[in-house]
């Protein structure tokens with residue numbers, strides 16, 4: 001596992017990938033070194049954690065590359081039905097997503113961290129409070145998402161109700177091994193309720209959470225005002241269509257992972273608490289992955305690199321030394337995208353091979369397959385009483401945050 005600080009500034013001095021010439025490597029290395037020094041200095045000045053260099057780098061990229069390009073392309077450059085415009089669209093997508101979605105993954109990791117850190121005093125020092133969550137407000141509209149999603153929707157709904165029947169992103173209504181349920185039922189619902197923001201407004205209205213309701217109104221006005229401005233300034237509707245396409249990409253990108261993270265649950269298992277049996281754990285050695293998903297939900301951890309050892313201790317104590325013979329949804333040798341692909345193929349044999357048995361639990365391959373099939377079935381909550389559902393955590397908050 002990477003130690004705090006590793007995987008950020010310490011890796012910046014390495015050779016630039018993709019360049020074979022040693023002379024070119026040396027030339028760019030000399031140019032890059034002063035930038036790395038400045039990056040580290042800014043991190044120490046602005047961030048509470050001096051090891052957050054990777055986040056500083058991403059913020060600089062947002063402020064000085066992504067946002068200026070977005071402003072120029074959508075509000076200055078005139079879109080037309082020509083190859084130049086197509087090239088501009090490809091360029092913007094490259095700036096947004098990066099190779100193999102690497103930039104987008106880093107960005108969503110940052111705003112996820114910012115969203116949780118907002119409830120713990122934030123990431124930045126007091127003089128720079130006005131830059132807190134600036135990436136979220138400046139980049140999410142370009143990515144097709146709404147600001148306030150991480151702090152309000154993600155924490156105050158998904159973490160608070162944690163995929164139970166009060167959570168709009170709940171996967172229990174669907175067969176998690178069904179392509180039809182994911183692409184034709186779950187995804188359209190998430191596009192309207194989550195990506196467009198209308199479900200968030202409805203949820204906070206029902207819960208009378210007026211502070212979060214107002215936050216979402218501001219976020220929606222901010223995004224849709226940008227779309228309207230692009231429509232007014234451009235001679236064609238192509239920029240608007242492009243923004244809507246980005247929303248679809250974001251919805252797919254986000255919920256493919258969420259589907260795998262909360263795919264396995266059996267309401268009739270009485271020995272597993274709701275929180276534990278509804279969480280997928282991937283024991284990965286990369287500290288930036290969702291390796292300790294269980295502890296993240298159980299303790300609302302921030303996912304900062306410096307918190308990873310604390311999360312590891314929770315993982316080791318609560319899972320590996322379990323005396324209650326609970327079988328956790330713990331997999332190895334894959335990432336969430338792999339998990340999603342196997343679910344869409346209903347490949348339970350392969351999933352069973354990657355399933356990690358908890359301590360004191362013994363299962364044959366056939367028993368593993370049956371367990372996974374049972375935990376991915378659609379949950380017919382109408383078959384149970386309200387008292388039963390509440391006693392098992394299927395209604396009401398599992399974490400208190402407003």
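If you go along the chain as it appears here, the first residue is 1 and each next one adds 1.
Each residue, glycine too, has its Cβ placed from N, Cα and C.
Here's what TrEMBL has on this protein:
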| type | residues | note |
| --- | --- | --- |
| TRANSMEM | 58-77 | transmembrane segment |
| TRANSMEM | 186-205 | transmembrane segment |
| TRANSMEM | 217-234 | transmembrane segment |
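If one looks beyond the transmembrane segment (186-205) by at least 6 residues along the same chain, the residues whose Cβ comes under 8 Å of a Cβ in the stretch are 144-146, 149, 152-153, 156-157, 168-169, 171, 174, 212-213, 216-217, 219-220, 223, 247-248, 250-252, 254-255, 259. The list of residues near the transmembrane segment (217-234) in space but at least 6 beyond its ends in sequence, with Cβ under 8 angstroms from a Cβ of it, reads 74-75, 78-79, 137, 140-141, 146-149, 197, 201, 240, 243.
Only residues 6 or more beyond the boundaries of the transmembrane segment (58-77), in the same chain, are considered here, and those with a CB under 8 A from a CB of the stretch are 39, 42, 88, 91-92, 95-96, 103, 106-107, 110, 131, 134-135, 138-139, 142, 226, 229-230, 233-234, 239, 243.
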